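Residues or ranges marked as domain 'HMA' in TrEMBL: 47-113. Annotated transmembrane segment per TrEMBL: 387-407, 748-767, 773-798, in sequence order.
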Amino acid sequence: MACCVITAFIMNRIIKACDTFDMHFLEIRYHDDDCAPTQEEGRVESETCRLSIDGMTCAACVNAITKALESVAGVFRAKVSLNLGRVNVSYDPALAKPQQLLQAVNSAGYQGSIGEKSTNEIIEVLRQSNELQHLRGVISSASVCAATILSLEYLHFSSNIHAALPFTIHSHVLPWLIFLLSAKVQMFDAWTIHTRAWSRVSASMDTLLSLSLILGLGLSLVGVTSSFSRSSSQPYASSGSSLTVVLLAGRYLEAVLRREGNAHLSALYEIQMDKEKYQLLGSPAVLPASLLKEGDVVVIHPHATVPCDCYIVDGTSAIDEANITGEAFPVSRGVGDFLLAGSKNINSALRVTICQDRSESSLARIIEGVTTATEQRLEGTESLDTVMQFFVSGVIVLAFATFLFTLRQQKGVPPLAASIAACERAMTVLAAACPCGLGLATPSAAMAGVDAAYTKGILLNGGIKTMNAIRNVTHVVMDKTGTLTEGRLSVLDHHFDNHVKINQAVLYRLLAAAEAEEARFHPVAKAIFKWSLKQCYFGDSQSLTTGALPETRNVVRGTGEGVNCEVLAYPNTWIQVCIGTASYLGQAGITIARSASTRSDRSVVHFAFDQQYGGYILIQDTVRPEAATVLKGILGDGLQVSMLTGDAALEAARISSLLDIPVLASRASPSDKMQYIESLREQGHRVMMVGDGNNDVMAQAVADVGVSISLTQGCLAGTGSVVILSGDLNRLAELMSISKKVMWQAKLNTRWALVYNVVALTLAMGLLEPWGIVITVSMAGSMMALSSVSVLSMSLYLRHQLRAGSETHDVGRSDSIHHG
């Protein structure tokens, strides 16, 4: 009896502490289509539908929904996110419809709707707002009733008070009052447990808890109606009530831990909300970020959030990118620099041109990447899934077997007393088991890793699957430009051919307009765009700051080599602009001047107007200062490292000599890079491809792990498993360290949960009773609650360790080169 009270008291104190220190974490929607076309294996045309689901509480719910959806004819795959309360379903539209998917979810006992929740609703789910508010109310009510029941049972069973009370009150009024209060606690305060248990098709954790509480209430009823129970002084009502308080308190602690684990993701969604409005240049309209579109020119005032991906056309200011790239210190940004949606303007007003709608911005893609990462499941865990599937049914069978075994052992005991003892033992077994700990073991560790990695500027698109692949990597292949080199490109010099008859002010605008789109994907294009834009600004500030760049059409991009398009130079006058490598211009039928064609330096970019050679631009880049240290660390881990580049052999040899790294190949085209990666994999290597631009996307797609080393639209929209948002090569070593620790923690969590359940069930069945080790129902309930809490706590401790291990790096800028 004392242990019930102590357990309930401790849980109550913990909850009070949580409420006392409950701080609103930095609460900082991804607007994609509800149904989007995809392509499945075998070239079967498919669609992806997103459903929002309410009522999921544990991993058993995830398994139940996954099983319900994947049993629908035509469904290829269902990925459930417990944190966000949603599921992405890939299905054949010829065989299944969204309404059928929704019906499958509803038939499984859950409430669903087609489409994404609103941003506010998602934030509430991540913060566990409704769940915590509900639990606070029922815990408070249950605690008061449980204390009252304890007091009344003391009056009922105390021999001294027994003699002082009238017989009617002692024998009839008190027992029924105790029973009614117990029924209120075990049925009404725990109503959500019962409704979730019996409204769903598959058995879950709630089924076990509901059965245990119903058994406890049954024993309380026996205590009221049986003369044996009244004479044996067994306080069943307080045990059942204390168990209810313990179970509810455990759920509260679990919800608090979930909220803390989701704090950073909710902070990202908070940024996504339309809290600020922006003035359109030349218009009285003031619009929220969600209504801004490509080409709009707006002013971002100091301390305002950057609404969409954009580039600066006027002004210089310090920009805080901590929420997006993990960069610890503000960075200076000026004319021609790109700003990321969600970053913060610090000290000066900026005039910017929107280059990407909010729904397609880097912030939206990052949020989608983080949330998608939490939905990934680790391959090779089929045996654990099988255990989870039959766990609840197995525990019910075990509880019944324990009841029969205990009943058989009660020799010489009155039948009613034997039945009560057997029921208590079965109730203990039901209360002790917890499949949630098993289900949370891997996802909680994965979430800790994804969150900790993001705070360091690393986006793990593949979640736990990517971390497992990183742990098994044997060969790391590095691109050169923008990866091993700094990528902080600057224009050293330029030359305009004498045959060019275009005004230089117009020429700069042509170059800037041609590279404006490409600059979001390629570092060299970014350098040329920024340089050209500055020339426009200094030469004709009025023309630049009052509107967008000239219109372009018929844009043709050569992956990793250049761009060819038409630009509206004057009213009704279009000029063809071709910018890229010598080979790219040669393929376009443009003859390069002899003096320029003799250059072997790969950092030369050529351009032409209307099929006539126009000149070249010289680009400068240097080796990253941290490159040698990072490569040494990778080699120290027993991995092989090589360089694969599209640059000239001389430049590749220079970098190879400086960093002491073998060259896998030079002058490699994107398709060449892909073939080299495939060759390494055929040799048995587990390959990680590290690159910085679209010319590396094909190679990253066929590698075991693809790592993009800079934040560009190409990196976010491409096939890379990992994006290092800050562009800091040091993060590569941290990525490998995080992956190893997370996979170790996932294995530890799983083993801990398995052993914990085995020990809890062993104690609950009374197998250690001959040695004097016995647990009560409330103790069993506490063990059940602490199973999930302990797993979540270990994962949160891992997140804290991973975050604390981060060293502050002043990354600065992330400009880099693309045409190689």
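Just so you know, glycine gets a Cβ as well, placed from its N, Cα and C.
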The domain 'HMA' (47-113) - residue tally per DSSP class, helix then strand then coil: 22 helix, 24 strand, 21 coil
Same chain only, please: residues at least 6 beyond the ends of the transmembrane segment (773-798) with a C-beta under 8 Å from a C-beta of the stretch. Say none if there are none. 3-4, 7-8, 11, 58, 209, 212, 216, 239-240, 242-243, 246-247, 249-251, 253-254, 257-258, 260-261, 424, 427-429, 431-434, 436-437, 440-441, 444-445, 447-449, 452, 741-742, 745, 748-749, 752-753, 756-757, 760, 763-764, 766
Contact set, same chain, for the transmembrane segment (748-767): CB under 8 Å, 6 or more residues outside the stretch: 384, 395, 398, 402, 406, 425, 428-429, 431-435, 437-438, 440-442, 444-445, 773-775, 780, 783-784, 787, 790-791, 794-795
Segment confidence, the domain 'HMA' (47-113), expressed as mean pLDDT: 85
